[in-house]
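Colleague: Mind looking over this structure? Questions follow.
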Ligand SMILES: [Zn+2]
Ligand SMILES: [Zn+2]
């Protein structure tokens, strides 16, 4: 049972990772002079979009999302509406945090917000897919020893890795190298993406390695 | 020897300060300078011997050249002209060098081989010392006696095109100039076109005497792709064309009856094999020097160019133009330039140069009589005199010319000897002192690190096995070895050495201490090993929380970031970044504390709304209750605290833009000070002062409260008197005064409050009841703290008062809701205080550049400049941020009843450790980077800041130790 779950997760992660790869390669066909630095915003939106779509599709197909108690249409619409609201709130939250970290307030606000959208896609969207719009469950997962399934652990790892990646990505900005990737917010988005990919890779490996120690409460 | 943690930390810091001072003494050699700051004048020329004492005897020699064109090509390596590259790419120049009337030499540049000091060397003839450059960072204009100034005051018209360093060094010296910024290293064509586009017009004109061209493109190519890149060839050809153009233009202007012109081709420094410069490798220091003039003899073929010092060009040019040699010049004449002159004239020029060098030698060295060169010069002057006697008598025999040649030779040898004696004294690191300082500081750091488990234990007592090591055999062996080494180094050292010039007793004490330290370290390490082996399980149950991990990562990361010059320039970014992360981590801790409790209770309700639960109040004391709020709101206040802190930090960050890369961006401080927004600034100042009063007065006695209020009023009226802010009740525009009265009024209150505080502290010593004395002591401390705050409020500029208010606000709310409630231990609290202190150092507008130190603070309340108070006030206001946070830490730790016992000891130990690690790392780093390109534009100022910060920390630790001693003195 363990191996099945881990294998399922690994393949899901592989699909998501390949979607990032595709988002980097595919637009070159459609967009003139496409490059990660030159047309950074296009790349960013492509990637965020594809990650979002693939995430939703994968988790919907796998049926990871928590079972809903009611099956009425209005309840589902309510859930969808709340998910969207949470997503937008999380974008605003990340935007605020990035501004607090020193991003300019008005100048390049679009770039900052794009970074916030990317971070939300990499973190909040996965939370919404796996846990649903349920704040209590989120708090449970992100407090110590709160993971109750393999997916919770993978969520912890990928979210942490993405945020730390973005955090580390801010370090090269003050260097006076005048490289194209030092332009705001390229290094941060690259850091977040790298962190996310690392998280996707690390989560199955880590869980496989620690499968003896991991004891989840039964649902 | 058993020492309490605070005393141990203090002693370590004092040792560190001494060793840093020793290191700095070695790192910044004292430059050779004439003791008179005046510039050389024409009537300083020595009288020509035996020509009577008439006015003609000491007149300036006639100039040799009419016009001089100096083509300075940045990073022109010697082999670019004299090597195979020169043959291929600079055909015209090579032709002139081989067949034309020219002299060519290899001029050795002294490290640091960086443009600005090299320009200084070329114009002043001296070799700039590092401390010199650091001290001159405030006023980039060159104030020393120099060739350009001499030329300008002699009425020469100078035109300059090229690197704008010249324009900054010599403002208003040039009749015409066009500076090119060397900031964009990636551009190597525009920078040179910018120079060349003026060339044709200028060469046609006749209204100038000296033309200086400084080409940057070659240097930029070197930085981009190195000395063997394909870009070098075309660039050298371009330069060759320019030489050709200038030379032919000069030749066409040459006419019978006027003096000849001179064309000088030189480089400021070379280029290493990787294309950079700054160090002292051969290709970096060897630059070509080609002098072209019809006054010289034609060459028959290529000869190996002679080797000379770059600074030799300065006296040569000065005398060639008939100008006095600048005072601090250490170079000697290039005799080949003058060989076509008559013997009398040659001797006269050599005499002038020798006279100037001997004067400089007298000024800079107390033992100048013993120098060989000085003696030789006296001899030569004497024989010059007897030669002149024969010459004036009309003797024209062969004897005379032979004798003259002998005098000439004597002079040349004397000049060479004096010149080398002078340049030996500078431009060299005193490695012996530096290494000794470094060894010391490393020993202290290891001692601090080894003592960590003991110093942070419950007893907070460190046992330094000094007595036992003083009696051990290795100690005596080490002493012997050290003394032998010292003697060996001092007898063989070539350059100047500070330690060797110290009295023998002092050096022996130093060796004793170092050996004792080594032995103590060894025995402590041995003890630690044995206890570590005995109880290996002890360390494993100590878990690292996220906050601890962040604090550790932050400290290590910051220390490592000092290795990069950009991170030093932008150090504020590092601290702001870390501080933000710290606040978020604290926020997460707070959330965990308040929400986990709730989750345990509300686990059954699945999707329930987030209601604030009525949290059980454990302790009877509640800060919220103290502030007059309901206990339920305490949770929300605690949650809001990190967010409020974050917001404050974000606002302060845009108040003062600092650093280098983004320093030019408009900031809020400039907007406030721009004059149009005076009313707003006044309002902000008033709000800040009121906030400061409200936040500080809580802990004080009534008398201090009144004094504080009056003092803050005084601060406002001082600012109004100086003209920074508006007086609301006085609309007539008053004359702006110096505000001395108002400032002194505030000083009186500062002293009053400090006095009350110290009195309370002393009274708490003699009290019988422990509770009463504790309360009195805490109040005394807070009063001292408010005195410091009042003083800082006076010194801060008006637009910085919000910084102070925010500082106090953050301190208050963090203390109330975070540090007390979340039970952070003394070490964690100390590290957080240190981080905040560092961030506030930058929030108030400081940077790692000497230029941002606000020197005007030294004049507050003083009629004129008085050195001691000015330095004290400047240091206080510069380090106000770290100081206030350290003071707050002291007050906070000693007001914590339950852990005051060892809290102070832990706090001061952590402070010492936090300061030592970056300081020691930095000292080692600077030693290894001493030939780095940015060594004194970036690294040296930072070194001075580090030293100063360590000194401030030592003072704070002294205060800590006093407070701690009072505690331990009581039963
Ligand atoms: Zn240069
Ligand atoms: Zn350069």
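Placement of Cβ uses the backbone N, Cα and C atoms for every residue, glycine included.
Because TrEMBL annotations are produced automatically, they should be read as predictions rather than curated entries.
What TrEMBL shows for this protein is this:
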DOMAIN    B:635-953  domain 'GPI ethanolamine phosphate transferase 2 C-terminal'
REGION    B:602-624  region 'Disordered'
TRANSMEM  B:7-28  transmembrane segment
TRANSMEM  B:431-452  transmembrane segment
TRANSMEM  B:464-489  transmembrane segment
TRANSMEM  B:501-526  transmembrane segment
TRANSMEM  B:679-696  transmembrane segment
TRANSMEM  B:708-729  transmembrane segment
TRANSMEM  B:741-758  transmembrane segment
TRANSMEM  B:831-850  transmembrane segment
TRANSMEM  B:870-891  transmembrane segment
TRANSMEM  B:912-931  transmembrane segment
TRANSMEM  B:943-963  transmembrane segment
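Could you place these features in context, so I can see how deep they sit and what lies close by?
Modeller: Long-range contacts of the transmembrane segment (B:7-28) within its own chain (CB-CB distance under 8 A, at least 6 residues past either end) are made by residues 129-131, 134, 429-434, 436-438, 440-441, 444, 447-448, 451, 455, 462, 464, 498-499, 513, 908-909, 911-913, 915-916, 919-920, 923, 926, 930, 940, 943-944, 946-947, 950-951, 953-954, 957-958, 960-961, 964-965.
Same-chain neighbours of the transmembrane segment (B:431-452): 8-9, 12, 15-16, 18-27, 462, 464, 489, 493, 497-500, 510, 514, 517-518, 520-521, 524-525, 528, 909, 912-913, 916-917, 919-920, 923-924, 927, counting only residues six or more beyond its ends whose CB sits under 8 Å from a CB of the stretch.
The list of residues near the transmembrane segment (B:741-758) in space but at least 6 beyond its ends in sequence, with Cβ under 8 angstroms from a Cβ of it, reads 700-701, 703-704, 707-708, 710-711, 714-715, 717-718, 721, 780-788, 790-791, 794, 860-861.
Only residues 6 or more beyond the boundaries of the transmembrane segment (B:870-891), in the same chain, are considered here, and those with a CB under 8 A from a CB of the stretch are 699, 778, 781-782, 784-785, 788-789, 791-792, 795-796, 803-804, 807, 811, 815, 829-830, 833-834, 836-844, 846, 853-855, 857-860, 862, 904, 907, 911, 948-949, 952-953, 956, 959-960, 963.
Sequence-distant neighbours of the transmembrane segment (B:912-931) (same chain, 6+ residues past either end, Cβ-Cβ under 8 Å): 9-10, 12-13, 16, 20, 23, 27, 111-112, 278-280, 429, 434-435, 437-438, 441-442, 444-445, 448-449, 452, 555, 558-559, 562-563, 830-831, 834, 939-940, 942-943, 946-947, 949-950, 953, 957.
Counting same-chain residues at least six beyond the ends of the transmembrane segment (B:943-963), those with a Cβ under 8 angstroms from any Cβ of the stretch are 6-7, 9-10, 13-14, 16-17, 20-21, 24, 27, 134, 777, 781, 848, 850, 875, 878-879, 882-883, 886-887, 890, 894, 904, 907-908, 911-912, 915-916, 918-919, 922-923, 926.
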Colleague: Report, as numbers and ranges, every residue of the chain located at least six residues beyond the transmembrane segment (B:831-850) whose Cβ falls under 8 Å of a Cβ in that stretch; write 'none' if there are none.
Modeller: 134, 137-138, 551, 554-555, 568-569, 571-572, 575-576, 578-579, 582, 649, 652-653, 655-656, 658-660, 663, 669, 796, 800, 803, 806-807, 810, 814, 819, 824, 878-886, 888-889, 910-911, 914, 938, 941-942, 944-945
Colleague: So what's the mean pLDDT when you look at the domain 'GPI ethanolamine phosphate transferase 2 C-terminal' (B:635-953)?
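Modeller: That stretch averages a pLDDT of 85.
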